[in-house]
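**Q** Below is one structure. I have some questions about it.
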Amino acid sequence: MDLEYGKFSDASKKGSWKTALLFAYQSLGVVYGDLSTSPLYVYKSTFAEDIQHSESNEEIFGVLSFVFWTLTLVPLFKYVFVVLRADDNGEGGTFALYSLICRHANVSLLPNRQVADEAVSTYKLEHPPEKRSSSRVKVYLEKHKVLHTALLILVLLGTCMVIGDGVLTPAISVFSAVSGLELSMSNEHHQYAVIPITCFVLVCLFALQHYGTHRVGFLFAPIVLAWLLCISALGLYNMIHWNPHVYQALSPYYMFKFLKKTKKGGWMSLGGILLCITGSEAMFADLGHFSYAAIQTAFTFLVYPALILAYMGQAAYLSQHHHTSYHISFYVSVPESVRWPVLVIAILASVVGSQAIISGTFSIINQSQSLSCFPRVKVIHTSDKIHGQIYIPEINWVLMILCITVTIGFRDTKHMGNASGLAVMTVMLVTTCLMSLVIILCWNKPPAVALSFLLFFGSIELLYFSASLTKFTEGAWLPILLALFLMTIMFVWHYATIKKYEFDLHNKVSLEWLLALGPSLGVARVPGIGLVFTDLTSGIPANFSRFVTNLPAYHRILIFVCVKSVPVPFVPPAERYLVGRVGPAAHRSYRCIVRYGYRDVHQDIDSFETELVARLADFIRYDWHRSQHTSPYAEDDASHSNESSSERRLAVIGTVAFSGTPGYGIEESVEPASVSIGFSTVESVTDVIEMQAVGAGAVERRVRFAIDDDGSESDVQTKMYVQLEEELRDLMTAQEAGTAFILGHTHVEAKQGSSILKRLAINFGYNFLRRNCRGPDVALKVPPVSLLEVGMVYVV
């Protein structure tokens, strides 16, 4: 979820206890809003229908025992002590686990993967696999392509259920908080007041999203802290005043006693008990905004004890009040003298919890979009200072409409709880399955350890999941319906995107075709910069050949731009741009690969254009410097022509200033050769020799450069400086003349003989989404006056 209250990059600061305590306090408002409000509706949902509160108290004590052990085993043991350690460069969540797995095993379906991506500093493998014995699980996963698709579907299922939770959590949290009015109003007035007030609060909540949470975020932590202290005090009061011996119900004996008496009804009531752990996934999802120590400290020493006290207090009150079984709710255990202040704090806490899941929904949709798993939507960054705070207008209003529809349609906590419980349990099961793979593939633990983790926590979650499924006709159908709808959209979009890339790959034209274009063929070069956007990382895209065929002219400076995603959360700015030549220097054609992580903020088009030209100028200086001062020897493969090596060689052009005297460094490893050269005109440059696509037949090419420190300039050097200045002058002149953005305007069709399912997915599903969602020009914020669209029909 995408709230952040200041994140220190300095590891020593982050590790200090003062910083950990500060983060722990700040995490209350972001991470624990949803989890802390669960006492509002757990007992009410549990005793809604399947079981009844009796004089023997076996039911209430059994439910308390289940709540205690569920909170202890799942949030505390599973998440705090195990799952939180599986971070991806400090980031957590479903995509973080998927990213870790993709980096340690070749199971990613992202098509334009490059070996150079593995050189990104955030791509590090904390536990490199041992070469002597490759995991059988890894080999099996990599061998079967269908398992790659199954893994992606599993991740998409978890993602869709998180989005579904973004619909259900605000509805049930606010409705449960507002329902406290039932004790202060007559039944006639109550039924006409709670629904309108809940809908009003929800409308206000969603209407304020575009302002960004940073404007009111400073209030979130105090509100949740006040709520936790409030329910703790109420719990202690009820325990002391009504039943001091309620702590005995924490024994597991009461769980077995409860199931023995209630039988099938008790098993079905687990669908209400599981609501006590709603919001646990937020601890992992928000790991990137706080440290592990902060989240661990906040939950272990404040949130967990407060929740246990709250549930024990409610149980103590109900153990002495059996005549109110039909009125079981959080507010009956609140003394009448403080009921109104508690109601106000509860509504504020429910709003904070809803805000966290709404922001998390925006974040996960943005991540899905970056991995080509969601149609393009408009993403607005609400804070210039705090990274990751985003707002998606279309999603916001859809969530609001669905939340209000759920509130009006269900009108009670039971149905909302059934729906929310199934969504929460599905997400946890997905996390357990992915975590088992991380234990084997990333942590290099024996399969027995992963299997033990899967069986222990998976059996607990399957028990609750099975109880939720029995409520299918009583509300649990909603998250399943939402998940099927969203998964269909996401999978169709991803499938069509992969097919489009494969079409581009098979129909790209050669470098020789580009170099042959000239006045002799009636093709002219016009002033300006032409940015040709493509998904290809090599070769000339078919849309450019179609453009030149229909309009025999292209720009003096030609740049093939590939904006791609790398399976890491962030790509450092100094490593974002891979720049190289396409053809000889005189042709003035270049390739630029811009790499983003799944949580990176994409630049707006003005800053992107300016920085791209600046990085290109740095590359030109670097390339001429290398030509002037270096000479390849020893290990250079002479079989590569100048043209092909120009197409293959890309340099990482960064933004971190270099200091020191010019020098060189050689990495003696099996990685692609990399050479770092520092001088005053280039801020940070690393030469990377690309290899072929990862897999069989990958070819390494190692190059060494010897640098001559002699300051004397020969005639050849003078000529090179003149050519350097001329190329830089051409670039600046072209920038002043204007930039054109050349994008493909595509229509995708299934080829003849395709199955009915494929034709439905491509011809109707994908094209409907493409026409009704934002185009690439809108997503890139390209000015209409600078846009050139090339019509293309993709037959896949």
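Using N, Cα and C of the backbone, Cβ positions are placed for all residues, glycine too.
The shown structure was predicted, so the numbers you read here are calculated from the model rather than taken from an experiment.
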**Q** Which one of 20-40, 545-565, 566-586 shows up in TrEMBL as transmembrane segment?
**A** 20-40
**Q** So which residues does the transmembrane segment (297-318) touch in its own chain, when a touch means Cβ under 8 Å and the partner is 6 or more beyond its ends?
**A** 20-21, 24-25, 27-28, 31-32, 35-36, 38-39, 42-43, 53, 60-61, 63-64, 67-68, 71, 75-76, 80, 228-229, 231-232, 234-239, 241-244, 246-247, 249-250, 276, 283, 324, 328, 330, 332-333
**Q** For the transmembrane segment (422-443) and the transmembrane segment (386-410), decide whether they are in contact, meaning at least 3 CB pairs lie under 8 A, counting pairs 6 or more apart in sequence.
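**A** Contact absent: fewer than 3 Cβ pairs fall under 8 Å.
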**Q** By Cβ distance under 8 Å, which residues at least 6 away from the ends of the transmembrane segment (265-285) in the same chain are close to it?
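**A** 1, 30-36, 38-39, 41-48, 50-51, 59, 62-63, 66-67, 70-71, 74-75, 79-80, 83-84, 92-94, 96, 162, 165, 169, 258-259, 295, 299, 307, 311, 353, 356-357, 360, 363-364, 414, 417-418, 420-422, 424-425, 427-428, 431, 463-464, 466-468, 470-471, 476.
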**Q** Please tell me whether the transmembrane segment (338-365) and the transmembrane segment (450-470) touch - that is, whether there are at least 3 C-beta pairs under 8 Å between them, with each pair 6 or more apart in sequence.
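**A** Contact criterion not met.
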**Q** What stretch, picked from 192-211, 218-240, 386-410, 450-470, 476-498, has the most CB pairs under 8 A with the transmembrane segment (60-81)?
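**A** Checked against 192-211, 218-240, 386-410, 450-470, 476-498; highest Cβ contact count belongs to 450-470.
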**Q** Hey, which bits of the same chain come close to the transmembrane segment (218-240), Cβ under 8 Å, at least six residues off its ends?
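**A** For the transmembrane segment (218-240), the list is 3, 5, 25-30, 32-33, 36-37, 39, 246-247, 302-303, 305-314, 316-317, 333-335, 342, 345-346, 348-349, 352, 355.
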**Q** When you scan the chain for residues with a C-beta under 8 Å from the transmembrane segment (450-470), skipping those not six or more beyond its ends, what do you find?
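**A** Here the qualifying positions are 70, 73-74, 78, 82, 267-271, 273-274, 418, 421-422, 425-426, 428-429, 432-433, 435-437, 439-440, 476.
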**Q** Do you know the mean pLDDT across the domain 'K+ potassium transporter C-terminal' (527-794)?
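**A** Here the mean pLDDT over the domain 'K+ potassium transporter C-terminal' (527-794) amounts to 72.
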